[in-house]
Every structure is written in structure tokens, then in C-alpha cells.
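Each remark here refers to the structure printed beneath this line.
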Amino acid sequence: MQSFPGQVNTATSATGQTPGSVSIRFDPLYVRTLPGGLKVAQIILNFIGFICIITTNVSTSRGNWFNTVAMIGFWSTGVLLAFYLFHIIEKFYKIPWLKIEFVYCAIETFFYLLAASLVAAHAYISEALGAAAFFGFAAMCLYGFDCWLKFKALKSGEYAQGQPPSSKPVSTVGSPAGY
């Protein structure tokens, strides 16, 4: 019968990533994914709609509201895109990013519906207002589609980016000579 060894070394190691171990790095491939491409298209449509309103000779509260919606969309989506490109979303995995984006996209969709409709009603004044309305409705569709994608991801339990770090330690038995 074998006797129990005099020394047993138990080391714990975490499988996967430990909390906070994700490095912040630039990943240009994100823009080739569907969510990344949507964000780039949303930024472009926000900017074009903003430029269309700026080029009109008429200053109305409708145009100002449209520009407010466009610039909120431009900067917020730009910041989110930067967060995804640099894996900041993955680094701060405890923040409910999908819920935040879902609510943001739903609000932006509603605001664009309102702003583009108001500007379209005055499209007879300036062709630029009509163009802004077109780009506003296009942005509304993209934000609505993005909202739907976020809803599906929330329902299926997906994560915003990457996998959540595993915090379950795994015990391994090693020989004392290894240390």
C-alpha cells in the first residue's frame, strides 16, 4: 500500500480570462462585423443629415431639433464605436452594455422618427430639408435595426463583446519540485 506523500502542492489557476485581464487593444476588424458596419453607417448618416440642415438658408426649430438628434447620434455612436474598436466594452464587462445600447438605439430611433418627420413637413421650403429628412429616415431605420439586434442578443443571453471572464478556479496538483 502506498503512503500519502509528505507534501502536496495545490495551485489554483483560472480558466479563461481573469477579471480585468483583457487588454485594451485596437481591433480594426470590428468594422467588418454587422454591428460595426451599422455603427459606421449610422455615423455617416448622422453627419450627412447634419450637413443638409446646416446648408439650408432657413433656421427653424425643426432643423435645430434635427441637428440635436443628429449630433447626439453622431457623438454617442462614435464613442460606442471607439469602445468596441479598443475592446473597452470587453474590459468593463460588468456594465450592461447591451441594455444600454438597446435603450439608446430605441430612443434614437424614436427621436429620428420625430425629427425627420418634422423636417420632411417643411421640405417644400428647401431641397436640403428634404434630403435631411431622407437621411434622417435612413438613420432611423438603421437605429431601429440595431435596436432589434440588441433585443435579440439580450434575449439569447449574449455578451456585448467577447466572452465574460471565468472566475472559477481550477485546482491542480503539482509536484513540489516544480516550484
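Quick reminder: no glycine exception, Cβ is built from N, Cα and C everywhere.
TrEMBL does not curate its annotations; it predicts them automatically.
TrEMBL has this to say about the protein:
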{"type": "COMPBIAS", "residues": "163-179", "note": "compositional bias 'Polar residues'"}
{"type": "DOMAIN", "residues": "30-155", "note": "domain 'MARVEL'"}
{"type": "REGION", "residues": "159-179", "note": "region 'Disordered'"}
{"type": "TRANSMEM", "residues": "40-59", "note": "transmembrane segment"}
{"type": "TRANSMEM", "residues": "65-89", "note": "transmembrane segment"}
{"type": "TRANSMEM", "residues": "101-125", "note": "transmembrane segment"}
{"type": "TRANSMEM", "residues": "131-149", "note": "transmembrane segment"}
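Counting residue by residue with DSSP, the domain 'MARVEL' (30-155) contains 106 helix, 0 strand, 20 coil. The average pLDDT the prediction assigns to the domain 'MARVEL' (30-155) is 95.
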